[in-house]
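Note sheet for the following structure.
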Amino acid sequence: AAMVKETIRVYARVKPPGRRQQAGIYSVDDDEKSLSSLEIIVPHDLADGFVNNKRESYKFKFQKIFDQEAKQDVVFDSIAKPVAECVLAGYNGTVFAYGQTGSGKTFTITGGAERYSDRGIIPRTLSYIFDQLRKDSSKVYTTHVSYLEIYNECGYDLLDPRHEASRLEDLPKVTIMEDPDQNIHLKNLSLQQATNEEEALNLLFLGDTNRMIAETPMNQASTRSHCIFTIHISSKEPGSATIRRSKLHLVDLAGSERVAKTGVGGHLLTEAKYINLSLHYLEQVIIALAEKNRSHIPYRNSMMTSVLRDSLGGNCMTTMIATLSLDKRNIDESLSTCRFAQRVALIKNEAVLNEEMDPKLMIVQLKKEIQELKDELALVTGKERTSELSQDELLQLDELIETFLEDNDPDSTLDVGADMRKIKYCFVHVKQLMNHSKISDKKLLSQHISDEKDTNKEAGEEELKKLKELLQQRDNEINILVNMLKKEKKKAQDALFQLNAASAGSTVLEQSHSINLEESQSPSSCFSLKEAKDFSSSVHRLPFLSRQTGGKMSLGCQEAFEVFKQDHADSITIEDNKQLLNQRFTEAKCLGEKLNEVRNKINHLKGEINQRHVQRAALAISSPSEELYMLDPVEEKLRTEIEEEKKRYKTMFNRLKGLKVEIEHLQLLMEKVKVKLQKDFEVWWSEESINLQQENPEMVSSPNTTTVYPRFIKSSQHLSTSSFSETTRVSPNEDPAGKNNSITSNNPTLKTRTPPISSTSIPLTGDSQADADILAFIKARQNILQKKGKSCQ
């Protein structure tokens, strides 16, 4: 097998500094022939606490350095494309990103969620690979993908299709097995087949969403886990017994920063210890590999190094990208990332072409060969057989002839051995079949015409049945919506009646009971409304992203969600993407219409050429002359026109194909942002209700309250809380009326903005769930109003 020896290629990418960060001083030098060098200057004021004779500048060599302005496509072309080419040729490949948190690893590997042009290495590699597979028809390819997350030394399968995870622990645990030949096998890691780019991207988004939903509050934006997305490709030439299998790992490592700097404790500390431990073991492996005479390499120390065993010093073409955040605060971390990169650049890998024999195919080939040799032997030794062929032999021959005639494969042969009796029989039999088929063709034709009439009738009935079913479905949807309207109306009347009753000081138990019923019914009806909406919007949705808020939210909660949505940054992203999607849709529609025009024009031109042929042929018969055998200039002109139209058609068609991919990508991005928005809201909502509990402890002791938290706190305690640090909290002054299970507020800041709530007590429903929702909603509403009040001043 062919073998390629080369050191690991190491690249660097510099992230632009954030708004509040001071840019560090560095320079990139591309003068040298093959390598670029990066010089980092350490300013004196940074060497605080040290004697100030520290070195002031450090120089590091890289294959190529991508400065702050580098675009995603350039990064892909230089770094990942060469590796993908090797993988398609049958070698293993790995691209891994290493650097501190926030230096742009995930952006480089997966991409940003804002724009289509921000796609990272994984989606671009998938596009490139499937594009190449489509072009190459000489081999039969199969592709699978897997997505593994390693967190605190445990592996999790992010592509588990069976369920949606709300915690990382819900995902299937992946364990490492080693076979006697010391090959690593990952037990419990699912391999999902992907036959085209769209399926592969859907799997990538499924994994990313599972990863996003399963984040722990501390594990913000997945900086604390390693992720390995692997593309497995096997290829085989038709008729050959050798199979090539190769795999491409795309790895996003955890942040490489040292613990001391991050100032953490408790759970986070164990976590940081594990991360730094696994990166520490990675470093040990790399140091061991760089030493000339080390016999033992400590791959087994961590899961990460076990999985990447081949990529480091083994059978693999490996590329590393060091991501650097070169602002002043992070100079130290950037230096240690560069030092690590220099060590990695010393490692030599030996990539071998991964070919193996398929034993089943070999057996078939060998059997065939033996039979051919036997037949040849019979011919050469001249043993002519003269006896008649037996009945069994004749039947067998008929079967062979039938198979041969039915087989569409151009390479198929009719193999009856080297027996003249059999060969003669075959010729006679084929002749009979030919004559027979001529006669039966005429019969068939007449029969076919009568059959066609029957099938048309059946198709019409089938169509009618489908339409009836669709009509029934629409009726059901309308009924659901009408019922909801009635309920809403009744609820509004009930609430009015109840308010009157409350102000008259009458008891509110009966009505609260009815509201309770309404509350308990409304979630299901909300859900059907959502379903009805989803049904009518025929946009292709991913199965795993249809987590509808409707099923979980009571009405108060829904209203709060609407208000929350208006102020949230993600909803702006959603709106932007919606507009972009609409533009793309219109563009695609317009292109489609233009394509039809061009197609019609081409057909029209072809018609003109045919007409021209007919005219010239007629002329040639009536008045033959030399000119008629020359080239026809009119026809030539028509032909060049056709060529030009074809070119136009091709460019438009390719653009349309590109648009389709972009539209799918945008839809997936929107789904992802929607899930995130909903998640953020759930966290905020649960926080609000917990705060409410702490401020109104009387509620907890009331006899009819079992649990006070909204329904979904359970699933969202572990979720991220970052987006709500701006929320200002209002604590209404304790009021004796609170003891009567009602809320009052005499907060002076609110009086100017909103009518005081204290005049009307709000009766609670007796259903603890509804109580908590209403209270949380009121609280949330106050917060939002107050926030708006402040911004007005």
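A Cβ is built for glycine as well, from the same backbone N, Cα and C atoms used for every other residue.
TrEMBL assigns the feature coiled coil to one of the listed ranges (5-46, 89-130, 635-676), namely 635-676.
Sequence-remote contacts of a segment are chain residues at least 6 beyond its ends whose Cβ falls under 8 Å from one of its Cβ atoms, and for the coiled coil (635-676) they are 113-114, 116, 119, 123, 127, 197-198, 201-202, 205, 208-209, 212-213, 539-542, 545, 547, 570, 573-574, 577-578, 580-581, 584-585, 587-588, 591-592, 594-595, 598-599, 601-602, 605-606, 608-609, 612-613. Proximity of Gln100 (ATP binding site) to non-local residues of its own chain (separation of 6 or more, Cβ distance below 8 Å) is seen for Gly255, Ser256, Glu257, Thr323, Ser325, Asn330, Glu333, Ser334, Thr337, given in sequence order.
Mean per-residue pLDDT, taken over the coiled coil (635-676), amounts to 88. Taking the binding-site residues Gly99, Gly102, Gly104 in turn, the residue surrounded by the fewest other Cβ atoms inside 10 Å of its Cβ turns out to be Gly102.
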